[in-house]
Structure formats: C-alpha cells, structure tokens
Amino acid sequence: MNNIWWQTKGQGNVHLVLLHGWGLNAEVWRCIDEELSSHFTLHLVDLPGFGRSRGFGAMSLADMAEVVLRQAPDKAIWLGWSLGGLVASQIALTHPERVQAIVTVASSPCFSARDEWPGIKPDVLAGFQQQLSDDFQRTVERFLALQTMGTETARQDARALKKTVLALPMPKVDVLNGGLEILKTVDLRQPLQNVSMPFLRLYGYLDGLVPRKVVPMLDKLWPHSESYIFAKAAHAPFISHPDEFCHLLVALKQRV
C-alpha cells in the first residue's frame, strides 16, 4: 500500500494537520508554516494523487480519508481547506476519537448548488471535468484564478497559488476528475450535525466558490460550531490574511 507524502515540523504540544484543496499540494501552506510550527507540531500532507503523493488513482471521499488517517498522529486538530475541508469532516465523522477539533477553511459540506442551497452550479463543475480532458493545465489555472478574484491582492495571490501548482508535477487527470466528482456529489450537511468536538468554520466574504450565504444557514444547522468571515478575503484567506488566520488557530489551541 502506498504511503502519502507527509512532513512534520515544530514541537508544539498540540498536533495540527493541514489538508490542501483541489489541484494543489502542501506547498500552499508555506506562507504560514513557520508561524504555525512555532505553536503546534505541524503536519503538512499531500492528499493521495496530489503533489508528491503519487501512485493513487481517483478515490471516494471515504477512501481518501482512510489513506490520510494511516499516517496521522493519534489525536490532532484537523484543518481542511476547500476539498480538504470535506476530508477533515469525513475523518471527524468516522474517527471522532482522533480529532481534537475540526477547522474548515473556505469549505462547504455541500459544494454543489441544490434546491435552496447556494453553491457552485453543477454544470460549472461538469464543465471543468470536460475541460480537464481537453487542456488540463489551463483548466487548473482558471480554477485558481476563481479562488482569488475580488481581493485587493488578487493577482499576487493567484500567482502564489500557481507557483504552488507548478512547483510539483501536475496530478493525473483521473485524480483531478475524482476530486471534482467529490465536490459535485458529496453532501455532509446532515451528518455534521452530530459532531461534538470544537468546530471552527472560516470563510472569505468575497469567495466565489463558497458563497457567504451558506454561513448563517450552517450557523443555524450546526449551532455547536463557530464561524468567522474574513471581510476582504476570497477563497484563500491564509494567503491574503496570514497573520489574522494564524491568530485564530492559536486562539483555538487555547480552547482544546
């Protein structure tokens, strides 16, 4: 069985695992890893099939979560950005004893728009899947541009994301397609009503992929969770607002 790429740094008494989003890899955290590793034992992970975690094909969300768990510390705060938020949520649902707290960043329990539920239109996700087969580098770049649109530092932030993608070999098309399939089909809104560990949800006010309208809806559905909106961020608040982002995580550490 293949192992995934996993790097541990820092000596904090609380473990923090960072899970990246679709099409990316753990290099995306380099803007905050020094700061966080001074407070936590930090675990940087390339999800199966992404970055340096080669030798994996497309996977279901449940299988992806199991592969990640194999190398994880016994207990940690799990932070997932975007698609990574679904992986962290899945782990909280199936292995709650391994999760000290869960943090989702610019993530939704249901990325796809449904009846009376704001999200990405399913035909947009299907379009991305179609375009992947035609020109996947350009498709990934378009997806990255969407993530930073509207922020004061949009161009700079998009460059940072693109650099992360290009730093390592591109994931295979079937892996990228599998990730989009998870975004298109998974719905964890009801199951996550039952988690009892501390649950922090972070959002960007300008996010074009996870509409801010979901925030009050989830506040109501999950009264045990807390939400925070970065007023001038889009889909990658840790890149546009690194200090504020780290401050929230250090504050969470005091509470777990």
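The backbone N, Cα and C atoms fix where each Cβ goes, and this holds for glycine too.
Swiss-Prot names SER82, LEU83, PHE143, LEU144, ALA145, LEU146, GLN147, HIS235 for binding substrate. Of TRP6, TRP22, TRP29, the residue it gives for the same site is TRP22.
Cβ neighbour density within 10 Å is lowest for LEU146 among the recorded positions TRP22, SER82, LEU144, LEU146, ASP207. Taken together, the residues of the domain 'AB hydrolase-1' (15-242) have an average pLDDT of 94. Fewest Cβ neighbours within 10 Å among the recorded positions LEU83, HIS235: this applies to LEU83. Across the structure, HIS235 (active site) and LEU144 (substrate binding site) place their CA atoms 9 angstrom apart. Here the C-alpha separation of ASP207 (active site) and LEU144 (substrate binding site) works out to 12 Å.
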